[in-house]
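A.B. asks: This is the structure I have questions about; it appears just below.
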Amino acid sequence: MIRVAINGFGRVGRNVLRALYETGQNKQIQIVAINELAEPEGVAHLLKYDTAHGRFRFPVVLDNQQLVVAGDHITLLQQENIRDLPWAQLDIDVVLECTGVNNERVHGEQHIAQGAKKVLFSQPCGPDVDATIIMGINEESLKASDSIVSAGSCTTNCIVPVIQVLDEAFSVSSGTITTIHSSMHDQQVIDAYHPDLRRTRAASQSIIPVDTKLARGIERVLPKFAGKFEAIAVRVPTINVSAMDLSVTLDAKVTIDDVNQALKTVKNGRLNGILDFTEEPLVSVDFNHDAHSCIVDGTQTRVSHKQLVKLLVWCDNEWGFSNRMIDIVLVMNTLSLGNTGK
């Protein structure tokens, strides 16, 4: 049993726990502790009831300072400082760092200093972490000695597998991406102050451009594309599921059928469970609670002058990414058991 602690029980933290129980992987991964500054009553309530993902179908109760999920007791902590977390006492194998604010190697080192064996960040980190892992792309590069790891971002997990498939099949020269992302917690319900002036505006009333470092994230995982991709992002008034508008220039000449066939082929092969492909006339809500990292909408594939390709790629930016966090924990544990690091 892998002993895991979650630091920060927000959208990703809660969905990781939900996914563990819904998929039965709680038999392999035990959530031992949750560190969340919110009151325990709120922690339990938001685990049980979720606007995007519905009611949690497993029983949840509070027992003093413990959250009891389907009979499993989870210690609740409310520590602001990583240095106050009792990871050694709790014998934690992996900390899932899901606060959204701790994204530097030093934060991972603090968790390890407290007794955790490994740390997995739920967001992009700097190049000084031991590894950034995108499932289906580079998990085989992970070593047992890698103790501070990033799972990248939901958008990196969505777009990188598609780029990789296109590059292997047709050789990608360059590209641009527009992320069409659901609203997030750092936006305002009504107009209110924020350092980013665009994010001072009501999330439900506008399409809001925001900064993104997606292009740099692609380079970190696929270094051959350094300087060859650019990206912009907008937030739209939905609460979950996002889309990626990908345009790439290929070295090969292709048709729409060529592109779609290449993507169809891998969905049942090495990217099974990571990349999916659909030609049904679906809308964003149809992908809610979809565990794939990316779903290519083949009805929207376009080709111009045989070498410029445009794709629409969907993802449940919460559920898909949370499932990839679990996948990486399992890979980390397998490596630790095999002690294959160098």
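Each residue, glycine too, has its Cβ placed from N, Cα and C.
Small disclaimer: the values here were computed from a predicted structure and weren't measured.
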A.B. asks: For the NAD(+) site, Swiss-Prot lists ARG11, VAL12; sort out which one of ASN288, ASN317 goes with them.
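C.D. replies: So the NAD(+) site in Swiss-Prot includes ARG11, VAL12 plus, from the candidates ASN288, ASN317, ASN317.
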A.B. asks: Of ARG199, THR212, LYS213, ARG235, which binding-site residues come within 10 Å of ASN317 (NAD(+) binding site), going by C-alpha to C-alpha distance?
C.D. replies: none
A.B. asks: Using Cβ-Cβ distances, find the residues under 8 Å from ARG199 (substrate binding site) that belong to the same chain and are at least 6 apart in sequence, listing them in sequence order.
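C.D. replies: Set apart from ARG199 (substrate binding site) by at least 6 residues yet with Cβ under 8 Å, we have ASP186, GLN187, GLN188, ILE208, VAL210.
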A.B. asks: Give the maximum pairwise CA distance in Å, whole number, for the residues SER153, CYS154, THR155, ARG199, THR212, LYS213, ARG235 listed as binding substrate.
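C.D. replies: That value is 20 Å for the farthest Cα pair.
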A.B. asks: So if I measure Cβ to Cβ from CYS154 (active site, nucleophile) and keep only same-chain residues at least 6 apart in sequence, which ones fall under 8 Å?
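C.D. replies: Set apart from CYS154 (active site, nucleophile) by at least 6 residues yet with Cβ under 8 Å, we have SER242, CYS315, ASN317, GLU318, GLY320, PHE321.
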A.B. asks: Give me the Cα-Cα distance between SER153 (substrate binding site) and ARG11 (NAD(+) binding site), rounded to a whole Å.
C.D. replies: 13
